[in-house]
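Notes to accompany the following structure.
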Amino acid sequence: MSTIPQWVKNLKPAGPQGTELLQQERNKSSVDVEQLSNFLFTKDGLARKQRVLEILQNDKVFDKSQNYFAGRVDRFETALARAKKLRQLHIKHNFSQDDKMVANELISEPGPYGLHESMFLITLRDQGTPEQHEVFLRKAEQYKFIGCYAQTELGHGSNVRGLETTATWNSDDKTFTIHSPTLTSSKWWIGSLGRTANHAVVMAQLIVDGKPMGPHPFVVQIRDMESHQPLENIHVGDIGPKFGYNTMDNGYLLFNKVKVPHISMLARFSSVDPKTGKYARPASPSLVYGTLTWVRSTIVMQAGGVLARGVTIATRYCAVRRQFQDRDAPEWQKGENQVMNYTTVQVRLLPLLATTFALHFTGKAMMALYAASQSKMSQDAGKAGGPQRGAGPEETNAGSDLLADLHATSCGLKSLASYTAVEGLEICRRACGGHGYSSFSGIGPWYADYLPTATWEGDNYMLTQQVARYLLKTARSVLKGVDPNTNDTTLILSTFLARQDTGAAFDVLGNDSDIVAAFAWRASFLTFEALKHRDEQKKPWNSLLVDFYRLSRAHSQYMIVKNFYETLQSSSPAQEGMGTETLDIMHKLFRLYALHTLEQEASEFYTSSAVTVRQIQLARANAVMKLLEEIRPHAVRLADAWAFPDWQLDSSLGRYDGKVYEDMFYRASEQNPLNRVTIDPYPDSPTLFKANEAAALKSRL
Amino acid sequence: MPDFTDTLRPAGPGGPAILAKERDSSDVPVEQLAQHLFPSNDFLGRQERIVPILENNKLFDKSKQQNLSRPERYRLGLARAKQLRRYADQYNWEDEDLNVAQYLCDDVSPYMVHYSMFITTVREQGNEEQRSYWLPKIEAMEAIGCYAQTELGHGSNVRGIECQARWDPAKGEFELHSPTLTASKWWNGTMGRTANHAIVVAQLLVPKSAESKDYVNHGPHPFIVQIRDTQTHKPLPRIAVGDIGPKYGYAPMDNGYMLFDHFRIPHSAMLSRYSWVDPNTCTYSKPANPAVVYGSLTAVRASIIMHARLIMARAVTVAVRYTCVRRQFQDRDSNDKRAPEMSVLDYPTVQIRILPLLATMFALHYTGAAMQSLYENTRAQIDQGDFSKLAVLHAQSSGLKSLCTELAANSVETCRRALGGHGFGGGSGLIQLNNDYLSKPTVEGDNWMITQQTASYLIKRMSAAVAAKTEPQDEVEAACKEWLHQGHDKRSSPLQIFDSDEQLVEAFHRRSRYLTYQAYIEREVKNRSWNSLLIQLRKVSHAESQSILVTNFHKALQNPSSNLPPPLKAHLRKLFQLFTLYTLDSEARDFLKASAVSDEDLDRLPDRIQQLMAEIRPHAVNIVDAWKIPDFLLDSALGRYDGRVYEDLFNRAHRLNPLNKVTFNPYYTSDEIEMGGGDGELRRIVAKL
Ligand SMILES: Cc1cc2nc3c(=O)[nH]c(=O)nc-3n(C[C@H](O)[C@H](O)[C@H](O)COP(=O)(O)OP(=O)(O)OC[C@H]3O[C@@H](n4cnc5c(N)ncnc54)[C@H](O)[C@@H]3O)c2cc1C
Ligand SMILES: Cc1cc2nc3c(=O)[nH]c(=O)nc-3n(C[C@H](O)[C@H](O)[C@H](O)COP(=O)(O)OP(=O)(O)OC[C@H]3O[C@@H](n4cnc5c(N)ncnc54)[C@H](O)[C@@H]3O)c2cc1C
């Protein structure tokens, strides 16, 4: 039924074809894609992805071809259909947790069950008592209760203590009254709430005997189980279209003095005694600490993959796209240059390619450390008086000290990693020139959905204050002579103090471990500078926020460089079968990431005397340029190792087979509903669409 | 439907009270500053006149458009474009009025390329006969046109396009043909659905002589071609044309593709003011001076800068107003537990993202204005065929296009991200702005590419200055000479950037000359390959552009004819310093190497910048007010003039949101999607995919 004339169908792109160009790229490089993929994801992980992919591709509801065209309501409707189907498949194929995560990655759009499946279930599980598990969790696991996590309000997000929703204890009838006193107290941004959920975990200020006790979680039914209409005195809806995330119904929620029973307050850590009306204090907050650390480490690791999508697309496209002959090429040399050969394209893409690995390894290392700290903690718990203790660097309990360190570093890394991925995706998109602006590039829509990661789980700027606070605290304890081996932070700060006067002479151009040391040095230098401002000069906290931001950034960059280096240095690449040639390229990527960063942040490295001006000059003029040249031939294969199926990328520019132009043309001419419309273009005529075959097509099916 | 939410009010202090206080406590004279910024062409008057017209027509109501699908967005865009054009007739609008109306409507209009490139090209490249034939039809919109240059395979490299126009002396016609898929026209605005005519840029192939079978390629030339039937609006036979699909932004615009299958057009289709094919002898005559096109390009680029400043002003207006109204946390160092929370604009990590941009929009303003008047002043010379001044103007404008559109594009995102969660929401007013504006770094010369033109020019002038054989050809060469003369190789002493604005400006000159000289050495002395120098060349270009921005900013403040009252001038001077020092800080190392600043001064920079921000902070609201961006254009709950942020956000979510009209069935065990829709719904949805 296509309207495309035969002569158009006969056309081929001008040669050389994209497929040939990518084949050449792949032939030129000795990087072993399979080895590297296995190293990144393990064989099992890759097989899992393949298996789930086949299941999804077989179901028409997951077909992506109209995603880029539809309006908000249609998109949501389709997303709901997909969410249901995925749940049905989950049961049919007995999906594991990992299978489901992979399925979500492949579908690549936030779905209406998103917050039910994450925060709602986790909160019920972690914060509910056994009795509450019985009442709420069981039904939630069966998707009879569908829920969300309602913390943020119109007026408050970062400052959780400022929440205005109240939950007042009524001792007479043993209930709580949930109430929204102002417009700004409306819950806002809550995923899965707008249209989907029938229950919510609501964070509200607990008031007992007129005394505010701070925010606490309550499970509240919000919609009727039959009609799905809001219950009386509850006002709930979707907050409207957004930059991205439009397949998710982020919602608002208001209560007009709604009474809920005593069991609604999740009471594992704090509770109101129904008989006496006495409030019992929360136990150690360190458990929450743990979950947050885990969530943030996941964001760090995912940031690598998020960015890798953009990098894969841009790398392949820039190898297929040819524009201009080389200015210095001899007359006789015909043919245009692949734009990947221009150094201004390389300097944008290749450091990002290196960054994808850097983030992935760092995230992985964080997750491993987290697991280690958890098992240490439970050991400690066996020895000492139980896990109910605070986590501060002054205290000497290996497990929780590790965790405190991890917690702080994960804040900084979450901030830097998601910032880097966000910025990097846009760089990739722009590097694709005009075609990058098309939705079919696949980068723009992906970027839009990823953006909120910079804001949630701690606003990226705000989080850096926590890192700074921790580093200052640690620096004070180091000055007081704490054991350097307490954790990595105490170690680098102590090392800096010890060598401060003799100075550093790091051979960053010749020696990889010196690169790591130079990053540690700069972070330590900035820590003690900040400490001077705060403790000696007594500067107000707020006047130092910019310094703190820089400090956190420096520390996180050190962490990334260190983890990248240690991953390559460890025995695991060899154990997992990575050959020396591939490993050699990985070392070059490490150097590119590190030296490019060093060059970008030159003045801090220079001011801290970690390196000399001359070294920085050389890093840029020689080392980085040379690395770009050396890595360039391997770019396509390195991107291939990220093993994105075309179905996941959903991109004309990033196709594995390089059929960029054919695919762009196909989507534009055959999948595009606008081309089924004939319009009346003349200003004097009120007719807009003369004929709309798209509508006709819809009703026929 | 009334409900209990109608009576709810935001917690205090309310937005209106906060903004009123901000406005009262600043002495920046808003009206004076507005007059200073928009002195000519009655821009503010037109805006005031046109806003009510649009506000009173429901068609221009923006509140629901974000929910629409792509085809619906186009339909709405077309309806608006038609209405605006009818208003123009009805109210006897001047061109400038229509421009202002389009700016306020804020759609990328499906008529846009008709009004701009299409008509301009006919005007500038058509000969007299062609102009008198086409222009009346174009002005009456019988011929609705587009500009089809870019192809699927080629955009930046215009010489590489594949579409052919082959002269057939026997039939006395050209044959337009697309030999490959990559020869398909692509991205051309207004072409996908709207236009019935196109300027088609194609490789001109002409036989060596009337008898010869050998064709000579004379390179890309413009042809005016009818592409759709004027009655049915269907494509003419042998033409395949359509819309290229959804994009990052530009939703109401039908960027198109187009292919020709041996499509015949008459001799008169080739726009022949400058180049011409003799139909009898097949002789081809060339344009006298290829610089003819430079002129309008420079004008276009000056207007790109003027446009960029308004984009920034819009983003910064939203950011400044919202971050004053938004309060989060009490001051950590304060002991007063009752104190209200802090405006987030009082946090330096918020200031450092927004306030330098507030200063930057002034920098763009003065340079855009300077470029415009420079262009107008040299126009007379251009009309007489003297292009000497144009070369430098053109080179500078390339670099400035790159830097200024980059600054503006990034500013929208920087502002948006500074707004926390609400910045991501549809009520921020920065989403469509971001989506539409992000085309600018790529179109009219890709930002990473055209900086080569600037750098190439600078290197040439430096070479000439080093050779010193002739008198300097222009001011750039003179400046190079001066710099060489000062003894660049002996270490000149650093400038006193904190003591004198002149020295600060001089620091930018010195660093630009220094980088130009380094690039000259690499390319001309060491003969390094062009490609290996691209990154360095981009720096050269940016350094020169920054130096121009700083210079024009400084000049504008010194200009006695601007009659700035001293208090206002003092405020503007702070903005000048903030822009300049902030820029210097981010490029510190270059300045150091150029011995333009001392190491000690660089160390002092961050404190100085933070201090300037603290001084500017209390005036931020008044300063953005002076840019007079109407609420109708901002379309932002966060950036509203009256500060009713939360009321507006809630209204948009609760009352204006179509998704809330639907009740869904959320249970996975049922295939019903909408409550009451029945199990067949899933099939209906799948059928649409
Ligand atoms: C798509 C999306 C989905 C979401 N889903 C959920 C959900 O399911 N459930 C839920 O409860 N929430 C959700 N949220 C809300 C999210 O957690 C908050 O938006 C986030 O915590 C940021 O808070 P905010 O919006 O109040 O930002 P604000 O705090 O208002 O930030 C505004 C600006 O002020 C700055 N700032 C604020 N305080 C300080 C300070 N002390 N020092 C320096 N600078 C400061 C910030 O850096 C930022 O630039 C979601 C948000 C989005 C965008
Ligand atoms: C919204 C929109 C509207 C448009 N409207 C029109 C229109 O109405 N009519 C029309 O004819 N066209 C139009 N265009 C096309 C536009 O002019 C081109 O997209 C633009 O010129 C960029 O060219 P490109 O896409 O070929 O980029 P490419 O040249 O393919 O760029 C890809 C990458 O290669 C790099 N690169 C390319 N060459 C070099 C080099 N020599 N040295 C270093 N790096 C290089 C670039 O920096 C970029 O990173 C439009 C485009 C957009 C996005």
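A Cβ is built for glycine as well, from the same backbone N, Cα and C atoms used for every other residue.
Bear in mind that TrEMBL entries carry predicted annotations, made automatically and left uncurated.
The annotation domain 'Acyl-coenzyme A oxidase N-terminal' is assigned in TrEMBL to A:32-146. Per-residue pLDDT, averaged across the domain 'Acyl-coenzyme A oxidase N-terminal' (A:32-146), gives 95.
In terms of DSSP secondary structure, the domain 'Acyl-CoA oxidase/dehydrogenase middle' (A:148-258) contains 3 helix, 52 strand, 56 coil. Taken from TrEMBL, the feature domain 'Acyl-CoA oxidase/dehydrogenase middle' covers A:148-258.
If you look up TrEMBL, you'll see A:Thr152, A:Gly191 marked as FAD binding site. Less than 8 angstroms from the CB of A:Thr152 (FAD binding site) sit A:Lys187, A:Trp188, A:Trp189, A:Ile190, each of them six or more residues away in the same chain.
Taken from TrEMBL, the feature domain 'Acyl-CoA oxidase C-alpha1' covers A:289-472.
DSSP classifies A:Glu457 (active site, proton acceptor) as coil under the three-state reduction. Per TrEMBL, active site, proton acceptor is recorded for A:Glu457.
According to TrEMBL, the feature domain 'Acyl-CoA oxidase C-terminal' maps to A:513-676.
Between the domain 'Acyl-CoA oxidase C-alpha1' (A:289-472) and the stretches A:32-146, A:148-258, A:513-676, it is A:513-676 that has the most C-beta pairs under 8 angstroms.
Under 8 angstroms separates the C-beta of A:Thr152 from a C-beta of chain B, among the recorded positions A:Thr152, A:Gly191, A:Glu457. For A:Glu457 (active site, proton acceptor), the number of other Cβ atoms no farther than 10 Å from its own Cβ, over all displayed protein chains, is 19. A C-beta separation below 8 Å, combined with a sequence spacing of at least six in one chain, links A:Gly191 (FAD binding site) to A:Pro110, A:Gly114, A:Leu115, A:Met119, A:Cys148, A:Tyr149, A:Met248, A:Asp249, A:Asn250, A:Gly251.
By the rule that a residue counts when its Cβ sits under 6 Å from some atom of ligand 1, the recorded positions A:Thr152, A:Gly191, A:Glu457 yield A:Thr152, A:Gly191. Sorting each residue of the domain 'Acyl-coenzyme A oxidase N-terminal' (A:32-146) by its DSSP state yields 86 helix, 0 strand, 29 coil.
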